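*Asks:* Found this in Swiss-Prot, in case it helps:
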type	residues	note
LIPID	Gly2	N-myristoyl glycine
MOD_RES	Arg382	asymmetric dimethylarginine
MOD_RES	Arg404	asymmetric dimethylarginine
REGION	7-31	region 'Interaction with Gp41'
REGION	12-19	region 'Interaction with host AP3D1'
REGION	273-359	region 'Dimerization/Multimerization of capsid protein p24'
ZN_FING	385-402	zinc finger
ZN_FING	406-423	zinc finger
Amino acid sequence: MGARASVLSGGKLDAWEKIRLRPGGKKKYRLKHLVWASRELERFALDPGLLETSEGCRKIIGQLQPSLQTGSEELKSLYNTIAVLYYVHQKVEVKDTKEALEKLEEEQNKGRQKTQQATAEKGVSQNYPIVQNLQGQMVHQSLSPRTLNAWVKVIEEKAFSPEVIPMFSALSEGATPQDLNTMLNTVGGHQAAMQMLKDTINEEAAEWDRLHPTQAGPIPPGQIREPRGSDIAGTTSTLQEQIQWMTGNPPVPVGEMYKRWIILGLNKIVRMYSPVGILDIRQGPKEPFRDYVDRFFKTLRAEQATQEVKGWMTDTLLVQNANPDCKTILKALGPGATLEEMMTACQGVGGPSHKARVLAEAMSQATNTAIMMQKSNFKGQRRIVKCFNCGKEGHIAKNCRAPRKKGCWKCGREGHQMKDCTERQANFLGKIWPSNKGRPGNFIQNRPEPSAPPAESFRFGEETTPSPKQEQKDEGLYPPLASLKSLFGNDP
């Protein structure tokens, strides 16, 4: 402990013990805080010996400061302790920890301002690949072969898919028109697309010349001429002129302007190489929802529309063009669902497990429906049983509690059972059937059966008058309908 406590001594230790932990608080810094700080530095793999000097404390502060936002409370307490110790070494009077932190922040801000001012006085350019050499001159660094190789590889693998545009923008950061032309000239194939790109560049250059006419008269000494459309495209300007425009005061960003023209042409080419519109992107019956979303957003990337329109397409068409299984789930989520919620809800839809689950649910519902129908049919077909012994309903003779009836249950006579009964039942007319008297009572009794078909009459247009004998015979066969005897014969 003695070695760790030897960080401060004499007047510095007295000044240390006068500083309060919090503004207006009673607790003050003690020797134990230095011992704790030494142990914490060892835990963070830092040298505790740095606490003995102000320069060492500054180095520790530089190491700890980037981790303050994500660090623990112990780390923040260690940072505060080192800040107070730094001003004790500097012999700057502070009353508490808060005042020490405010002074440290003020000192760091002044240091940043001095650094920025020195950088501005030197005139160091931020335009890469245009840099300043040791003599203070602005020089150009050509694109590296690795950058060109990456660009060519993208064109060969992706052709002109939507991801080519951000790749071109990243590789051409800070490039001059000459660098951009070098990148375009390295594209070997796709000459039809390159010709479309040239046409777009020429149109934009002509529009630039129309909006920025040439100034009349000579150019004042010490000034550079205004760039024309062909100068921006790098066809009529030298590399030195391009550097002067890009680093002048005020600068003319010819590289960025030419880059925007190229990206405009690339958008048209991407549109041509992606003939499928966003309206044609539909999810297949067995296609996973994730693959469908990938195709949807890849096509949406090539659409020439504003961000608001693309947002509407995402909210509407993504759900509308999904397959029925996913569409049911997405509609249940509601219109405010995020893409993450959609992906999670539709995960596995369309796969074998989902199909098996849907089929099992359908079969279960069909089985339940069939069981319910069978139950309902049995309920409708249930008939009322009647006891042959007592004649009451609700039970059968086997379970009847009444005294057993003697004799036949059909005719009531003893000596035989119902199955051996010879007594015939009467029909609904009260007669025993079959009858020994010929025709049943509900048939016409005296009608003669014809033995031959009737003779045909060949006298056309003549009216035949029935004979009196025939009339009497017909009256005998067909009595008046008012008599029930005509229907039932000799029935009583």
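Note that Cβ sites are derived from N, Cα and C of the backbone, with glycine treated the same way.
Predicted, not measured: the structure shown is a model, and the values here were computed from it.
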*Asks:* So what's the mean pLDDT when you look at the region 'Interaction with host AP3D1' (12-19)?
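*Replies:* For the region 'Interaction with host AP3D1' (12-19), the model's average pLDDT rounds to 88.
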*Asks:* Using a Cβ cut-off under 8 Å and a sequence separation of 6 or more, which residues in the same chain sit near Arg404 (asymmetric dimethylarginine)?
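*Replies:* Spatial neighbours, sequence-distant, of Arg404 (asymmetric dimethylarginine): Asn389.
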*Asks:* DSSP-wise, what's the residue breakdown of the zinc finger (406-423) into helix, strand and coil?
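*Replies:* Helix/strand/coil tally for the zinc finger (406-423): 3 helix, 0 strand, 15 coil.
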*Asks:* Would you mind pulling the DSSP three-state label for Arg404 (asymmetric dimethylarginine)?
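*Replies:* Where Arg404 (asymmetric dimethylarginine) sits, the three-state DSSP reduction gives coil.
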